[in-house]
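> TrEMBL lists these features:
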type: DOMAIN; residues: B:22-191; note: domain 'CobW/HypB/UreG nucleotide-binding'
type: BINDING; residues: B:Gly25, B:Pro26, B:Val27, B:Gly28, B:Ser29, B:Gly30, B:Lys31, B:Thr32; note: GTP binding site
Amino acid sequence: MDPAVNPAVNPAVNPALLLLADSRLPAGGHAHSGGVEQAVTSGAVHDVPSLAGFLRGRLHTAGTVAAALTAAACACAAGPPPPEPAWGLLDAEVDARTAAPAQREASRTQGRLLLRVARRVWPSPVLEGLARAVPNPHHPIALGAAAHAAGATPEEAAMAAAYHAVGGAATAAVRLLGLDPVAVHGLLAGLAPDLAAVAGAARSGGDWESLPAHSSPALDLLAEQHARADVRLFIS
Amino acid sequence: MGANHEDHHHAPDGHGRALRLGVGGPVGSGKTALVAALCRTLGPSLSLGVVTNDIYTTEDAEFLRRAGVLDEERILAVETGCCPHTAIRDDIAANLDAVETLEDRFGPLDLVIVESGGDNLTATFSRGLADRQIFVLDVSGGDKVPRKGGPGVTTADLLVVNKTDLAPMVGADLGVMDRDAAAVRGARPVLFTSIRQDPTAATVAAWVSEQVAAWSHAHAAHAS
Amino acid sequence: MPGRRAMRAGAAVATAPAPGGGTLVHRLASAPPLTLRQTGPSTVHLVSTAAGPLGGDRLSLDIDVAPHTTLELGSVAAGLVLPGHGTSEFLVTARVGAGARLRFAPEPTVLAAGCEHRLLVRLALAADAEVLWREEIVLGRHGERAGRCHARFDATRDGRPLLRQEFTVGDPALDSSPAVYGAARCVGTTFLTTPVKEPVVAEGVAVLPLAGPGTLVSALAADAVELRSRLEWGERAVRPA
Ligand SMILES: Nc1nc2c(ncn2[C@@H]2O[C@H](COP(=O)(O)OP(=O)(O)OP(=O)(O)O)[C@@H](O)[C@H]2O)c(=O)[nH]1
Ligand SMILES: [Mg+2]
């Protein structure tokens, strides 16, 4: 039925966004804790309130950067100009914003796996072009390009990125600490305005160099400590 | 790592790539011991790679590397974020990535063995990851395990009942296990092993060799 | 609140090759409250000749290190950022030429309660320039809650991005997040063009090899003394004595 005449169909909600943000998207995300595993080991995250602080901090730093770069990648994929020559430059902008090697590695691993999944689920010349130009793209680059291939807008891509920045970390905390999953989902629901703000602030136009670059020194430390841990359940 | 521009690994029919063999089963049943035995026995004639899925550490990978049964670079460990069965069934991306990394680095390979983290009786490999799977039980779990079934026991291409040397000690009746397994598995094969007594796991290795031969015959790179 | 008006001031320092080789500090332009003093053949110190910066101030410092020259820039005292009318801003731009060396290591910036500060750094490096750039931020004077601050650092090398970082301070829930500063009251970084092979971590400090040619030492600490010692520890890990 034509959405215009059926008010039950809300064209503003893109189903592709749900697929991209779903933790069941088989792109390896379940094995990343976004620093939570090390924060649990160190004791910094130990209950629902400390997890709340962690997630909010993560969203407004790493999440803000990821959302902005993802939106930029989605816009870049949409062109014009043809995106292929630009992927390397945009990818370098993510590199420059990710000081910790363990985080760069985690981002590229997740980016590569997402690109693999996206190429099969939403086959498109844009994704083939990205795979040629940057076979191991940073996650925001892969997510932005995949979002475009799936028919999502840069704003929607930014929302998926913002949610990705906290969703996986929240699930990891549930598993590691045995937290009440309903309480943790309550936290995520409470972050809805923040998610909207972070995604809304990610603009798709303009120059790349001035995109957000929020640093989270504690996450950098946690990531490198985690990379050195002997016992580890999560990749990052 | 994994710079699979051409994505040939994804040829849905598997042409031009190695047979991927999943080895699953409950904790401590002897999966790693079996993988080591297969490397020992098949290594001289086949080009191999191994991916391990550990729950905590890279212990299994370390064990295999120390065992010296295979060039240690050909053994990759995947971290599974608390959920070993997710990594072999629902979200196989990290495992596929590891398999493809091995093929990119050392290919063409004949066989890539993926050992799952010891989990539970319901954990089986996705068909998107493993072309064949072996489910390893051990007799010390009790002789009623095959009767209880579960997807691993019933659907695996090969069921291995290991540690038969312990059967007298734990009072397990191998005859009962054989009969019960046959009842739930139909014609699918069951092999009884003691890797302690036969570190070459000769019978299992023979079955795997047949699978590799059949696979490479059916999926040769230039076959049409 | 110190009784003075908001100021607009731009200071500058530039080097040139000395006739017999070496460095000549050939331009030193002070503008109160930013006063520059030459304290050695290639050493300059920033001397504050008025309180602040305070709200409404727009200060800038331009650093130009000519090819094959050396400059060391420090400051004589910590900068105390105070509230005033509106936001204060300190913009530092630096160009470091081919084969030139810059060491920028001023005393910490202390964000007094109620301040609203913006600290912008733009660093443009030639391919083989050598730089050590240290920044330390103290979240409030003793026992005081920090004001607000937005710091941004952009370093490019041959026009390509090498390090881009922003720090925001002033939302207590975010500042104390275990993902951001946690329990720390001081945050600091030292950016170096010297590469290291492997990351190194210790209590409150990490030595991070960047994707491009360079290293970031990143530290969190309870106080300024601990912060300095952590950063220096990391800097030594980059340049073994
Ligand atoms: N008695 C006896 N012990 C065996 C046999 N096969 C393996 N084991 C021992 O059983 C223990 C577990 O073997 P592994 O190969 O590590 O088992 P696994 O299934 O890989 O274990 P997880 O990966 O931890 O789930 C080891 O101590 C082995 O030496 C066997 O045939 N007989
Ligand atoms: Mg094992």
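One is the number of the first residue shown, and numbering goes on along the chain from there.
Placed from the backbone N, Cα and C atoms, the Cβ positions cover glycine too.
Note: TrEMBL annotation is automatic and uncurated.
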> By a 10 A CB contact count over all chains shown, which of the binding-site residues listed here is most packed: B:Gly28, B:Thr32?
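When each Cβ's neighbours within 10 Å are tallied, B:Thr32 tops the list.
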> Measure from each Cβ of the binding-site residues B:Val27, B:Lys31, B:Thr32 to the atoms of ligand 2 and list the residues where some distance is under 6 Å.
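Going through B:Val27, B:Lys31, B:Thr32 in sequence order, those close to ligand 2 turn out to be B:Lys31, B:Thr32.
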> What other residues of this chain sit with their CB within 8 A of the center of the CB atoms of B:Gly25, B:Pro26, B:Val27, B:Gly28, B:Ser29, B:Gly30, B:Lys31, B:Thr32, the recorded GTP site?
B:Gly118, B:Val136, B:Asp138, B:Asn162
> I need the most crowded of these binding-site residues: B:Pro26, B:Gly30. Count other C-beta atoms within 10 angstroms of each C-beta and give me the top one.
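Answer returned by the neighbour count: B:Gly30.
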> Compile a sequence-ordered list of residues in the same chain as B:Val27 (GTP binding site), six or more apart from it, whose Cβ lies below 8 A from its Cβ; state 'none' when nothing qualifies.
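Long-range Cβ contacts: B:Gly118, B:Asp119.
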> Measure from each Cβ of the binding-site residues B:Pro26, B:Gly30, B:Lys31, B:Thr32 to the atoms of ligand 1 and list the residues where some distance is under 6 Å.
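Close enough to ligand 1 are B:Gly30, B:Lys31, B:Thr32.
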> Note down the number of other Cβ atoms within 10 Å of the Cβ of B:Ser29 (GTP binding site), including every protein chain shown.
24
